[in-house]
Structure formats: C-alpha cells, structure tokens
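Structure first, commentary second.
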Amino acid sequence: MATPMIYDALIIGGGPAGLAASLALARVCRTSMLFDSGEYRNEGAKEMHTFLSRDGIPPHDFRATCLQQLEKYKDYAYVTNTKITDIANTDVAPGLKGFKAVDFTKKEFFGRKLVLATGTEDVLPTHIEGYKENWPVHIYQCPFCDGFERKSYPIGLLTFPNPSYSHLALMLRPLNKDITIYSNGPVPTDEPTQTALKMVLAAGVKLDERPVRRLINNGDGPENGISIEFTSGATVKLGMLYHRPPTRSRAANLILQLGLETNAIGDVITDTMMLKTNVPGCVSAGDTQENMKQASVAAATGTRAAASIVFQLADEDGKKALAEAHL
C-alpha cells in the first residue's frame, strides 16, 4: 500500500480566505491541499466590491482568476472540488501529530497543519414572503459590498430589532437621504433600541411600522427594484432594501469534531495576530472567525493564516534538526 502524502497544510474552504492561504503557502514552497465544496456566501451576487483591483468583478470570475494564478504553483498548491465531512487531530505518521480529513466519498487526506476557512451562510427569514426571491439581487446586508450603484434610488431598511441597526441606517444616509425604516410592526420598546431609533429619526431617516405582507421582485436593476406590499395602505417601491439576517458557520460539524472554541454567534475564536485556535496546529481564517465578513478581509486573514502556519512549520523543522544533530 502506497504511503499517503502528508501535506504541509490542509485548507478547508475555497473562498478568498482559503485561496489566499494556498497562494501564500505556495510562495514559500509549502504544500497544501485545498478543498472547495462549491458553497459560497456570495452565491447569486452579480458583483464583488471593495476588493482593490477587482472592484465589480463577478464572484465566479474572481475565483476562476485565483485558480488560474495558482496553476503557476501546481507543485505546491493542490486543489480538489469536494466536501470534507470529517476531521481529526491525530497522528499522521509515527511521532508526527497532524490532521486527517475525510471527504464525502470517504477519501482520506493528511496534513501537518489545518486552515479552517469554510465561511458562513446567511440564514434567510422564511416568514416574509418574497424575501428569498429578492436576495441578493435587491436585498443587501453590507453597504460596502452593495449599494453605490443604486444610490440614486430610495433606500429601505427592513426591521429595527436592536440598537445596532441605527449604525446601518446612518451609514446609508450619505448614499441617499431618502431612506426609510420598514420595521414590520412596532419597534421594540426597550430603552437602548428606542434611544437609537430617536437618533436616526433626528437625522432624517423615516419610519414605517406597517406589517409587511410580501416583498416583490420587479425585475433586474434598481430602476425596477423591489416593492414592499403591506397588510394595509399603499405599496412602496425602492431601489434596494437592507437587512442583516443572522449567519451560521458552514463547518459546525467540523468545529464540533475538533472541539474548537466559538463565540456566542458560532464564529471560531482565534488569537488576533496568528489566528491560532485552541487546537494546536489549527488556524482559522475568513468568515469562519472574522466578525467583519467581507471578501477583502477574508483574503487578508487567509494570508495571515498561511504565515502563521509557515512560522510554526519552520520552528518545528528547526527544533527537529537540532535534536537530530545532537549538538
């Protein structure tokens, strides 16, 4: 039986974080196997934004460009389209601790280190008719990613459940002063939320508390936009609607298997500088651990995760050489 290859790192996730980690490792001749499940948070989005030199690029084209550039490093950067279902921190060779990953076909892969960069997914509400049909073509969650191209049209903010929505409302005002909060019923009466609401109303943001019956996709482009139909009164038409659905990790099962520590919303806890987790040899990058879930930030953390692994590998190799030299 052939001895399985042990990569310097296994990278789970084919988004900006995982791709950046693969590139950085290859640049210093460290081998990696990247697993791309084909699941992406920005699936359905027509363009990526706020990514220097790639502003406006379709996500599919961005990934294709990344993979094309990785071909230069084919002796170091390996990529396979599969989904990892099981992961273990275990011996991968006599006296060598590492990670064993198993994909959905039961194929096994081994690595000295692990980059967990599976990302997150948005949990879309199911109780609002038409929401899914408008996401992410007319409903957005990040003004840095989407909005500039539609700034000439009225803006809506769906719900106002807590004070954090005041920041989003005020961030949107420079795009267009015609912005309305559609709270889908009464705004919560707790003091922090009401104080935040008073602040945005004082800034000129309007409030409509009518219950929403359904959201209507009027067609492509802001000139068609999205309409909100209420249980009573006139329908309104907008160029775009902002809403922040909760997110969940795509790798909840892997996080559980490894015993990784997470915060209250399920993101993996890492140290700020080296992105190390509580499991030695495992680092996390991108939306899996980052509060600011954006492509450019994810790519930056992927590079940092790779550097962290390179430092660890170099240190281990040096200590091994010293021990074997008996100096």
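Cβ coordinates are placed from backbone N, Cα and C, and glycine is handled just like the others.
As annotated by Swiss-Prot, FAD binding site applies to 14-17, 36-41, His49, Ile84, Ala117, Asp287, 294-295, with the evidence given as similarity to another entry. Less than 8 angstroms from the CB of Gln294 (FAD binding site) sit Thr50, Cys142, Phe144, Cys145, each of them six or more residues away in the same chain.
Cys142 (disulfide bond) falls within neither a helix nor a strand when secondary structure is assigned with DSSP, and so counts as coil. Annotation source Swiss-Prot lists disulfide bond at Cys142-Cys145, citing similarity to another entry.
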Smallest number of other CB atoms within 10 Å: among the binding-site residues Gly14, Gly38, that is Gly38
Cβ density check for His49 (FAD binding site), other Cβ within 10 Å (all protein chains) comes to 20
Considering the recorded positions Ala117, Cys142, Cys145, which residue's Cβ sits among the greatest number of other Cβ atoms within 10 Å? Ala117
Binding-site residues (Pro16, Asp36, Tyr40), the one with most neighbouring Cβ atoms at 10 Å: Pro16
